[in-house]
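Copied over from TrEMBL, here are the features:
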type     : residues : note
SITE     : ARG31    : site 'Important for substrate specificity'
ACT_SITE : ASP88    : active site, proton acceptor
SITE     : THR89    : site 'Important for substrate specificity'
SITE     : GLN171   : site 'Important for substrate specificity'
Amino acid sequence: MTDIISPRPDTSPSGDFHLRPAFILGSASPRRLELLAQIGIRPDQILPADIDETPKRNEEVRDYTRRMAREKAAALAGQAEGAILCADTSVAAGRRILGKPVDADEARAFLRLLSGRRHRVLTAVALAHRGRLHERLVETTIRLRPLSPIEIEDYIASGEWQGKAGAYGIQGRAGAFVAWLQGSYSAVVGLPLAETATLLAHAGIRGTSE
Ligand SMILES: Cc1cn([C@H]2C[C@H](O)[C@@H](COP(=O)(O)OP(=O)(O)OP(=O)(O)O)O2)c(=O)[nH]c1=O
């Protein structure tokens with residue numbers, strides 16, 4: 001296990017040294033990196049995990065999302081030492097799981113399905129540290145207002161749907177589509193900040209103001 005010795009000015013103004021593990025963000029998502037930066041946490045290393053994201057037959061969205069975060073962490077556990085954080089975000093319309101659309105046609109179909117409809121956004125976080133896996137699952141319910149065909153076409157043309165579960169990004173133009181939300185905004189963007197900060201703090205990783 002590689003641990004980094006670093007001063008923690010928040011707890012040791014006298015200059016004491018504390019052990020904190022190397023922190024690896026197991027994600028290619030720029031949003032997840034930005035969300036961590038928002039709470040003053042910078043990974044020592046970024047390692048994207050490449051796994052098969054196909055849901056199993058009849059797999060329930062909560063099980064699926066948890067499995068994805070867990071498998072990303074497991075895939076990286078052999079590649080790096082320290083605390084490895086992975087996450088997965090899925091959108092569920094009823095029992096249907098909407099992942100990242102493969103093309104504009106699928107994105108269009110997802111947006112038509114979600115237009116004017118209540119749906120769920122699930123984000124699972126998995127932290128692998130010292131041979132153990134610590135997990136959290138956060139569920140957010142969202143209702144998009146009804147979208148006109150022109151709005152959907154404009155959004156498709158913007159390209160913002162690419163790489164986003166459910167084919168929309170709440171943090172961009174689609175913010176104007178959201179009529180109502182109950183849950184965690186940061187979880188919808190990719191990482192529930194309250195739960196993630198708690199998991200990381202237990203592993204000795206805290207935000208700094210540097
Ligand atoms: C619903 C929604 C999803 N998303 C994003 C978050 C995730 O990055 C993405 C879902 O794909 P994920 O498979 O969760 O993540 P990823 O492929 O982007 O990155 P990695 O697996 O390497 O960590 O959708 C938004 O950015 N805004 C939104 O409003």
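Heads up, the Cβ atoms here are built off N, Cα and C, so glycines get one too.
Structure with TrEMBL features highlighted.
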{"residue": "ARG31", "record": "site 'Important for substrate specificity'", "contacts (Cβ under 8 Å, 6+ apart)": "GLN171, VAL189, GLY190, LEU191"}
{"residue": "ASP88", "record": "active site, proton acceptor", "contacts (Cβ under 8 Å, 6+ apart)": "THR65, ARG66, MET68, ALA69, LYS72, THR123, ALA124"}
{"residue": "THR89", "record": "site 'Important for substrate specificity'", "contacts (Cβ under 8 Å, 6+ apart)": "THR65, VAL121, LEU122, THR123, ALA165, ALA187, VAL188, GLY190"}
